[in-house]
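Trainee: Swiss-Prot lists these features:
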- 1-20: topological domain 'Cytoplasmic' (TOPO_DOM)
- 21-41: transmembrane segment (TRANSMEM)
- 42-129: topological domain 'Lumenal, vesicle' (TOPO_DOM)
- Asn84: N-linked glycosylation site (CARBOHYD)
- Asn91: N-linked glycosylation site (CARBOHYD)
- Cys117-Cys324: disulfide bond (DISULFID)
- 130-150: transmembrane segment (TRANSMEM)
- 151-159: topological domain 'Cytoplasmic' (TOPO_DOM)
- 160-180: transmembrane segment (TRANSMEM)
- 181-189: topological domain 'Lumenal, vesicle' (TOPO_DOM)
- 190-210: transmembrane segment (TRANSMEM)
- 211-219: topological domain 'Cytoplasmic' (TOPO_DOM)
- 220-242: transmembrane segment (TRANSMEM)
- Leu228, Val232, Asn305, Ile308, Glu312, Phe334, Tyr341, Asp399, Tyr433: serotonin binding site (BINDING)
- 243-248: topological domain 'Lumenal, vesicle' (TOPO_DOM)
- 249-271: transmembrane segment (TRANSMEM)
- 272-291: topological domain 'Cytoplasmic' (TOPO_DOM)
- 292-311: transmembrane segment (TRANSMEM)
- 312-328: topological domain 'Lumenal, vesicle' (TOPO_DOM)
- 329-352: transmembrane segment (TRANSMEM)
- 353-357: topological domain 'Cytoplasmic' (TOPO_DOM)
- 358-378: transmembrane segment (TRANSMEM)
- 379-389: topological domain 'Lumenal, vesicle' (TOPO_DOM)
- 390-410: transmembrane segment (TRANSMEM)
- 411-414: topological domain 'Cytoplasmic' (TOPO_DOM)
- 415-435: transmembrane segment (TRANSMEM)
- 436-440: topological domain 'Lumenal, vesicle' (TOPO_DOM)
- 441-462: transmembrane segment (TRANSMEM)
- 463-514: topological domain 'Cytoplasmic' (TOPO_DOM)
- Ser511: phosphoserine (MOD_RES)
- Ser513: phosphoserine (MOD_RES)
Amino acid sequence: MALSELALVRWLQESRRSRKLILFIVFLALLLDNMLLTVVVPIIPSYLYSIKHEKNATEIQTARPVHTASISDSFQSIFSYYDNSTMVTGNATRDLTLHQTATQHMVTNASAVPSDCPSEDKDLLNENVQVGLLFASKATVQLITNPFIGLLTNRIGYPIPIFAGFCIMFVSTIMFAFSSSYAFLLIARSLQGIGSSCSSVAGMGMLASVYTDDEERGNVMGIALGGLAMGVLVGPPFGSVLYEFVGKTAPFLVLAALVLLDGAIQLFVLQPSRVQPESQKGTPLTTLLKDPYILIAAGSICFANMGIAMLEPALPIWMMETMCSRKWQLGVAFLPASISYLIGTNIFGILAHKMGRWLCALLGMIIVGVSILCIPFAKNIYGLIAPNFGVGFAIGMVDSSMMPIMGYLVDLRHVSVYGSVYAIADVAFCMGYAIGPSAGGAIAKAIGFPWLMTIIGIIDILFAPLCFFLRSPPAKEEKMAILMDHNCPIKTKMYTQNNIQSYPIGEDEESESD
């Protein structure tokens with residue numbers, strides 16, 4: 001018995017020092033965060049539309065009995081002086097006649113259009129803005145929160161912020177499940193932004209500090225971004241199918257259970273009660289923001305993701321308007337983009353280091369732009385498969401190239417403390433998801449969905465040549481002097497915090513000597 005307990009304790013200690021387990025935690029955190037991000041994409045436009053029209057139907061039904069109660073028991077027929085006709089007031093006939101006179105325009109529209117086609121185009125156009133603002137609220141809050149989380153990780157380490165992200169995301173998921181008004185949905189979406197900021201900034205910073213070799217770091221970040229891709233992949237079809245066949249609450253309750261599982265693993269492995277500050281002071285955020293190479297990498301992340309961010313609120317509404325798509329199709333339409341993003345991040349997480357990350361990002365930006373330009377030509381859901389596949393694959397190329405470059409640029413040109421630089425990367429990601437839905441909804445309402453796609457497609461293509469400057473970024477003078485003095489390639493371990501290999505847990509810490 002004692003031997004088995006000792007073996008269990010030893011296994012726990014080894015697990016807590018495992019870099020692969022840390023990678024799994026970050027993978028799972030990004031997976032669930034992005035599932036919650038995208039599960040609402042097919043649900044919210046249809047749900048808000050149904051809320052509004054159910055309310056209208058309820059008002060009509062409550063107004064109708066006032067007329068029927070006074071006449072139903074007294075008369076078997078009524079002569080109308082308006083059109084010189086006699087109406088029989090039996091149950092079925094009375095209901096039909098009154099329904100026709102009270103809501104004739106609604107019946108006409110319903111009979112002319114299939115049930116899956118919304119009947120009022122004006123409502124859909126207005127919903128572009130409403131849905132866009134709801135989707136953008138998460139990214140806007142995350143945008144504001146990211147710099148503070150980056151500074152916080154430098155002071156207290158990564159475990160506490162990433163665990164705080166789990167707690168906030170659980171509350172947000174429960175709110176989504178039981179919210180029945182636009183205001184509460186907006187609060188839930190905004191709250192998710194704070195949780196996402198904690199998870200993504202702390203998660204990517206943790207990976208950068210644990211995996212110090214540039215090539216190895218690129219590989220594991222490609223795997224971690226695979227978690228993001230899986231969330232984006234599973235979210236829309238998962239949400240749309242459960243929404244249509246079970247109800248709005250079901251997908252969020254399933255997600256809440258998965259989030260609890262993630263929290264239990266974090267609690268076991270990361271021990272988030274322990275404060276683990278960095279061993280050296282990182283480069284100020286303002287200095288990083290003045291670095292043109294970091295800005296180019298951040299711009300690539302921003303504009304590439306802005307394309308899919310504009311699609312999320314606008315594409316389902318455009319499909320409802322032009323294709324009479326059913327609820328489940330609104331989510332399945334994003335499936336090609338999600339699958340190809342997963343493929344892209346896993347392939348180019350490894351390949352980008354060999355072919356040149358700058359070239360990978362440049363080609364990705366061009367493919368994103370061309371694919372987005374092709375989307376408005378689709379006549380049905382099958383016509384969306386190829387362009388959406390291209391969008392997802394290309395964004396996977398950009399993300400899997402630019403995320404490792406952010407860490408590489410800090411190693412090369414600044415102090416190797418990663419919280420702030422990955423806060424900038426996440427800010428860029430969030431700017432795409434903040435500006436994209438809010439501006440995209442307004443543009444789609446004003447000039448139409450095809451012009452919206454044309455604008456963002458051209459922007460992506462025009463930005464692509466800037467990635468050439470990332471081909472061989474120069475090192476700072478003091479870094480170059482160190483490299484020349486030691487006459488060796490870049491070894492990021494010489495700049496990083498002490499005890500990286502045993503991070504984050506491990507009581508027996510060994511100091512590294514040069």
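Backbone N, Cα and C atoms are what each Cβ position is placed from, and that goes for glycine too.
Keep in mind it's a predicted model, so treat the numbers as computed, not measured.
Describe each of these features in terms of where it is and what it packs against.
Mentor: Among residues of the same chain six or more beyond the transmembrane segment (21-41), those with a C-beta under 8 A of the stretch's C-beta atoms are 15, 135, 138, 162, 165-166, 169, 172-173, 176, 189, 192, 195-196, 199-200, 203-204, 206-207, 210, 220, 223-232, 234-236, 238-239, 251-252, 255, 258-259, 262, 265-266, 269-270, 312-313, 316, 330-331, 334, 338, 503-504.
In the three-state DSSP assignment, the secondary structure recorded for Cys324 (disulfide bond) is coil.
Within the same chain, residues 37, 40-41, 44-45, 48, 161, 182, 185-186, 189-194, 196-198, 201-202, 205, 285, 309, 312-314, 317, 419-424, 426-427, 429-442, 444 sit at least 6 positions outside the transmembrane segment (130-150) and bring their C-beta atoms closer than 8 Å to a C-beta of that stretch.
Remote same-chain partners of the topological domain 'Lumenal, vesicle' (181-189), defined as residues 6 or more beyond its termini with a Cβ less than 8 Å from a stretch Cβ, comprise 40, 44, 48, 51, 130, 133-135, 137-138, 172, 175.
For the topological domain 'Cytoplasmic' (211-219), the DSSP-based tally of helix, strand and coil residues reads 6 helix, 0 strand, 3 coil.
Cβ atoms under 8 Å from those of the transmembrane segment (220-242) belong to residues 23, 26-43, 203-204, 207-208, 211, 250-251, 254, 327-335, 337-339, 341-342, 344-346, 348-350, 392, 396, 399-400, 403-404, 407 of the same chain, restricted to positions at least 6 beyond its ends.
Taken residue by residue with DSSP, Asn305 (serotonin binding site) is part of a helix. Every protein chain considered, the tally of other Cβ atoms within 10 Å of the Cβ of Asn305 (serotonin binding site) stands at 22.
Listed as Cβ neighbours of the topological domain 'Lumenal, vesicle' (243-248) (distance under 8 Å, sequence separation of 6 or more from its ends, same chain) are residues 42-43, 46-47, 177, 326-328.
With a cut-off of 8 Å between Cβ atoms, the residues of this chain six or more beyond the transmembrane segment (249-271) that come close are 15-16, 21-22, 24-25, 28-29, 32, 35-36, 39, 43, 158-159, 162-163, 166-167, 169-170, 173-174, 176-178, 238-239, 242-243, 504-505.
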Trainee: State the count of C-beta atoms found within 10 angstroms of the C-beta of Tyr341 (serotonin binding site), not counting that atom itself.
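Mentor: Neighbour count, Cβ to Cβ under the 10 Å cut-off: 29.
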Trainee: What average pLDDT does the predicted model assign to the topological domain 'Lumenal, vesicle' (312-328)?
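Mentor: That stretch averages a pLDDT of 80.
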Trainee: What else in the chain is close to the transmembrane segment (329-352), if you only count residues 6 or more beyond its ends and a Cβ gap under 8 Å?
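Mentor: Hits for the transmembrane segment (329-352): 38, 41-42, 45-46, 218-219, 221-223, 225-226, 228-230, 232-241, 308, 311-312, 315-316, 319-320, 323, 360, 364, 381, 384-386, 388-397, 399-401, 404.
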Trainee: Using only the Cα atoms of Leu228, Val232, Asn305, Ile308, Glu312, Phe334, Tyr341, Asp399, Tyr433, which the record gives as binding serotonin, return the largest interatomic distance in Å, rounded to a whole number.
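Mentor: Spelled out: the longest distance between any two Cα atoms in Leu228, Val232, Asn305, Ile308, Glu312, Phe334, Tyr341, Asp399, Tyr433 is 18 Å.
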Trainee: Same chain only, please: residues at least 6 beyond the ends of the transmembrane segment (292-311) with a C-beta under 8 Å from a C-beta of the stretch. Say none if there are none.
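Mentor: Residues 135, 139, 334, 337, 361, 364-365, 368-369, 372, 375, 391-392, 394-395, 398-399, 402-403, 405-406, 409, 413, 421, 424-425, 427-429, 431-433, 435-437, 439-440, 452-453, 456-457, 459-460, 463, 466-467, 469-470, 473 contact the transmembrane segment (292-311) from elsewhere in the chain.
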